[in-house]
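A short write-up of the structure that comes next.
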Amino acid sequence: MEENDQFNAGYGGVLTWEGNVEMDAAIMEGATLDAGCVSLIRDILHPIALARSVMEKTRHKYLAGDGAMAFAIEDGFEILPEGSLVTERAKKALEDYKNSLNKTNSACDDEEEQPEIGDKVFGSPGTVGAVAIDAYGNVAAATSTGGITGKMPGRIGDSPILGGGTYADNAAGCISATGNGETIMRYNVASRILSLIEHFGLTAQEATAAVLEQMTVRFNQTAGVISIDPNGNLGIYFTSRRMSWAYQRGDELHYGIDKGEDIVEIIGEPRVKF
Ligand SMILES: NC(=O)C[C@H](N)C(=O)O
């Protein structure tokens, strides 16, 4: 999905105020609470793979900027020619965003001006997130994003923040979030949802809906989350107008984008049967 320009991750990621793609990603496994996070990544097609390398090959959990790029080179990642991830669509979104700011001509972080997820005006609809559970109850989460259009260079969102936009713990479940990163990280969205599941016995759907509704009321900002609880129940909820999501269970593929939508396709037997 990082290769698909329809998503705000990898190729087609949204642009900083200065017109660059600067990406964040995180991956976490719930059995060990091991994790890898990266920020301020440029010219790499799959930042999520770099996050995984940080998890598996370093003694650290989070690398950013020049150090992360140096590690990527050392680890054999292809560094694309500068600007290779920038699409015409992302450029147009940045231009539209700049034109929409009639108050000031700087990269201010005025929350009122930030588009909500799904907004077609200022860039690709969304961050790419994945959550999964296996037959043994091991959960995992991963999130990859270009952030928000017109962000200041150096800005880091919620996606690589463990407990903010990404988290996985076999005792509680797994989370990937999308939406206004400044709000999601301040509200600790992932850890709040998982607390409700672990300590108050809510299902993934109940906990996800409760926390996102509270966040939206408190901050007047929208977000969306996909989650799975330790019983394998899915949570899919968004306070934005739209969020594209999909999941597979057995041979059924479900997907949707607008509220209440649940399109089902039978895609044949899965290769691994549980
Ligand atoms: N579209 C997104 O989900 C953006 C991401 N949450 C960020 O703020 O970096």
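Any Cβ shown, glycine's included, is placed from N, Cα and C.
Note that TrEMBL annotation is computational and uncurated.
According to TrEMBL, the active site, nucleophile annotation covers Thr127. The substrate binding site feature in TrEMBL is assigned to Arg155, Ile156, Gly157, Asp158, Thr178, Gly179, Asn180, Gly181. Residues or ranges marked as coiled coil in TrEMBL: 87-114.
Of all the binding-site residues given, namely Arg155, Gly157, Asp158, Thr178, Gly179, those whose Cα is no farther than the 10 Å limit from the Cα of the residue listed as 'active site, nucleophile' are Thr178, Gly179. Less than 6 Å separates the Cβ from ligand 1 in the case of Thr127, drawn from the recorded positions Thr127, Arg155, Ile156 in sequence order. DSSP gives Asn180 (substrate binding site) a coil state; it is part of no helix or strand. Taking all protein chains in view, 30 other C-beta atoms sit within 10 angstroms of the C-beta of Asp158 (substrate binding site). Looking at Thr127, Thr178, Asn180, the recorded positions in this record, the fewest other C-beta atoms within 10 angstroms of the C-beta turn up around Asn180.
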